[in-house]
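Read the structure below first, then the notes.
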Amino acid sequence: KFRQMGRIIPSVTVLLLVFVTSKAFEIEITPEYNVAAQIGDKLELTCSTTGCESPSFTWRSQLDKPLDGSVNSKGSRSILTMDPVGFGNDNEYLCSAFCDHVKKERSIKVDVYSFPSDPVIEISTPMTVGEKASITCMVPKVYPSERLKMQLEKDESVLGTKEFYHEEHTETTETKHLTLTFIPTFEDTGKAITCVAELPIDEMEFEPKKRQTSQRLTVNYGPRNTTVSVTPSTTVKEGGAVTMTCTSYGNPAPKIFWTKHLISGVSQFLSENATLTINNVKAEDLGLYECEGVNQFGREKKTVDLIVQGAYNMIHCKPCFEILGLILLRLKSVRILPFTSVMPRMPLSH
């Protein structure tokens with residue numbers, strides 16, 4: 001019997017108080033629930049106890065397969081480390097803790113998977129308008145690959161899908177492909193190609209289960225919609241100035257070449273600039289001018305007829321003889337001085 005505050009307490013009651021206030025021997029394992037581990041990553045399973053000063057631990061796997069990991073026990077904790085996680089770690093693990101003659105156990109299931117990176121898009125180059133091209137979506141190092149789903153989209157419009165559920169299960173990571181062929185148009189330039197890959201394993205908790213990659217299309221095409229603008233107009237007065245600007249669209253951007261068609265049939269190269277300016281226009285500047293847009297996928301031409309208004313003295317304008325045919329076609333806009341104004345009168349013979 002014990003005396004407390006003038007009262008006598010039976011020893012049985014004291015023993016009961018000590019038993020109630022001491023912690024019971026318990027065990028827990030973390031993560032608390034089944035865990036999904038990515039192949040190549042590091043995973044730690046921690047087994048810990050309460051209510052025992054010096055417990056001892058053991059780890060084993062289902063059917064006593066190798067642990068494929070290392071164990072470090074200290075105090076009331078024991079850690080099973082898998083680094084890196086491999087196919088052998090796809091197992092159920094049992095942690096046993098002993099305190100005196102009492103044994104406690106907890107188990108946890110480890111499921112392994114592999115979905116380490118976003119898809120990769122490969123596009124056949126160069127991609128040219130009107131010619132067949134292929135787009136390949138590649139998903140590397142997938143496991144289990146038979147659960148993979150793939151989809152190719154163009155500006156959110158589905159081009160094609162592929163699933164692999166019909167394939168046999170193998171304990172290996174695989175790279176999967178989805179390849180489509182299509183004929184690009186002018187309108188495809190700048191549109192987004194997106195590859196979406198999903199590994200929808202409902203019985204496993206991991207993120208992400210969906211990955212995607214997008215890439216803008218670059219479509220090559222030859223020059224098109226080539227135009228020429230003339231300032232102030234295609235009819236210019238002698239001594240004035242005229243500017244001709246050539247615009248051509250293509251991918252890659254076309255180079256511009258200016259030439260002039262001579263009466264002899266020869267084309268005279270003038271400039272590689274988009275803008276051609278002629279100051280102090282002369283009679284011999286009239287004629288047919290041609291701008292041409294050129295890239296490695298084609299070429300396109302546009303011509304402009306330049307008319308020069310003025311009083312042309314045919315005797316003092318030697319180049320005018322070369323273009324006499326053109327001048328005669330433009331008699332409405334060209335005034336030629338009377339022949340008698342440039343030649344002396346011959347005396348009448350008697």
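Cβ from N, Cα, C; glycine included.
Features of the protein shown, as given by TrEMBL:
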type: SIGNAL; residues: 1-24; note: signal peptide
type: DOMAIN; residues: 10-109; note: domain 'Ig-like'
type: DOMAIN; residues: 223-305; note: domain 'Ig-like'
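Mean predicted confidence for the domain 'Ig-like' (10-109): the pLDDT average there is 88. Secondary structure of the domain 'Ig-like' (10-109) per DSSP, as helix, strand and coil residue counts: 17 helix, 51 strand, 32 coil.
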